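Report on the following structure.
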Amino acid sequence: MKCSKALKTTLLAILVLNLVAVSHGRLRYNFYNGRCGQHNVEAIIQSIVKNSFTTDPKIVAGLLRLQFHDCAVNGCDASILLDGPDSEKTASPNLSVFGYDLIDQIKVVLEAVCPGVVSCSDIIIAATRDATVLAGSPPFQVQMGRRDSLVSLASNVNLPSPDISVSNAIQFFGSKGLNPFDMVLLLGAHTVGVCHCSVINDRLYNYMGTSEPDPSMNPSYMNVLRNHYCPMGQADNSYVYLDDPSSALSIDNNYYKQLMNNKGILPIDQALTHDGSTGWMVDLLANATDFPSLFTQALVKLGRVEVLTGRRGQIRRNCRRIN
């Protein structure tokens, strides 16, 4: 669906109104003010994230994925951080998740200045916020007051695969209280994402068992991927950016521009463009200058999914185990 400029503006305004999240009664802004003596909890988190980002900007992608993989399984409760032989960490979709060490580092510092006060789940949310801003989003606030889960089971992990259909993806996000526009915005996290070549080898070399590449992908881009990023027989740890490499470390709308040019890497990415229910959203965002601010609003909504507050859960002293 192609939209005129005026229609795009109108549709975007309507979608923004639907994007606004209802505040969770137990979460609030500046939750930790006065709870840690003279120490500023959010400033401590921000400083540590900034140091990590300076060393490795890919931490942005790591934290965004960590937050989604946590919140999308029984809510934003830091259950993904718990160690154990059958914990969420051990589930197949989580084996490539990273950022755990940074959360540990933040937790150690906060426990030293105000023990038993700041939850691991709040640390995930705040750290992801700070990394997102460092990658180019406008500053934004997140509410705090989450508590941490006592349970983490690999059997609870049922996350969307890279080749999920658009309709099934909409259904999954809907089960978390997120609408289709939230979904398309949150998939925009792929603007700073990477994936291992093994994930897309079938698209490049043997699509649907045809021994040919996926005909829906831009042919010139296909050749670039095959010749420079994911040549046949490459090492298992070879990876490709999910966005144009020139902006792969920045929160911007180039991801959607790539999709409009049939340069989506993951099957679900490209499917967004060709599905009637989401294609017009991709078109809108490919031409919207305010994607970064829209993305942060969707990220805030994600951070409110099924949170534990009040007396539910606990404040873990070590994010990797229950007290």
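Just so you know, glycine gets a Cβ as well, placed from its N, Cα and C.
TrEMBL annotations: computationally assigned, not manually curated.
Since the structure is predicted, the reported quantities are computational estimates derived from the model, not experimental observations.
The disulfide bond recorded by TrEMBL for C114 reaches one of C36, C71, C195; that cysteine is C36. Candidates considered were C120, C195, C197, C230. The record in TrEMBL pairs C319 in a disulfide bond with C120. The two recorded residues, V73 (Ca(2+) 1 binding site) and C120 (disulfide bond), have Cα atoms 16 Å apart. Distance from the CA of H69 (active site, proton acceptor) to the CA of G75 (Ca(2+) 1 binding site) is 9 Å. Summary: among the disulfide-bonded residues (C76, C114, C197, C319), the fewest other C-beta atoms within 10 A of the C-beta are counted at C114. Neighbouring residues of the recorded Ca(2+) 1 site, listed in sequence order and excluding D70, V73, G75, D77, S79, E88, comprise H69, C71, A72, N74, C76, A78, I80, S149, S152, N156 (Cβ within 8 Å of the Cβ centroid).
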